[in-house]
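Per TrEMBL, the feature region 'Disordered' maps to 1-24. What TrEMBL lists as domain 'Response regulatory' is 33-152. The 4-aspartylphosphate annotation in TrEMBL covers ASP87. According to TrEMBL, the feature domain 'HTH luxR-type' maps to 174-239.
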Amino acid sequence: MSGKNQHQLSSQVAAENNMQSNPQPQAMRPIVTIGLVDNDAFSLAFLERSISELMPEARVIWKTTSGRDAVARCLDPRQSPNVLLSDMSMDELSGLVVCKTIRIKTARVKILAVTSFSLAVYSSKAAEAGAQGIVPKSVETPIIEAIRTIAAGGTWGEGFETAAQAHARLSSHRMPRQFLLSDREAEAMNLCSRGLSTEQIAAEMQVNTSTAKTYLTRAIHKLGVTSRGAAVALWTGASEGE
């Protein structure tokens, strides 16, 4: 073998050895941003930990115990995640109302419903409200698989639509009644729905009685009824997405 050929062979072997010792990095999955809403702080911690440990390509960008806060964040382009995980049973605002409100306004955020109840309790209602799937809250693996599927534009479970399909169906719907009210009016109605008197509502809200009464009067007017009892009936029904 000539010196020239021997030099070329040595260079080729060295290059191959270098490639083997320094393999090319594998393509990383794009980062999936996630928002979490659940009125149970322990559930929020469980979901965040599960995602952190089992889904390295994901990042939880915020978590909240307030359905109204989750809706506001999802509708803010600066804070909206790729995927929202929403508990279905929350005190202030049900997951169904959260889903429907977001889906009326946008297809940008995909929604995965989570529940500690049987999936049969909420599956069809979650699909109707615009979610892309539903999973049990306490089982890690299906949650991660569902997030990946939904983030990629798919659905998880029978009867669910993509975000674009659900938005097209719901975009002409009216916003849920809860969003006609200010935060303080909604807070007053939540307390009223628990059977509290005007004086007790004022104490809970740390305002005087006349201010609490004003919040309730405005809420009753915005809900289109004439009595506190009718407002409570309407409010509690709307809280379940009816």
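Heads up, the Cβ atoms here are built off N, Cα and C, so glycines get one too.
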Based on DSSP, tally up the residues of the domain 'Response regulatory' (33-152) by helix, strand and coil.
55 helix, 27 strand, 38 coil
What count of other C-beta atoms do you get within 10 angstroms of the C-beta of ASP87 (4-aspartylphosphate), across all chains shown?
25
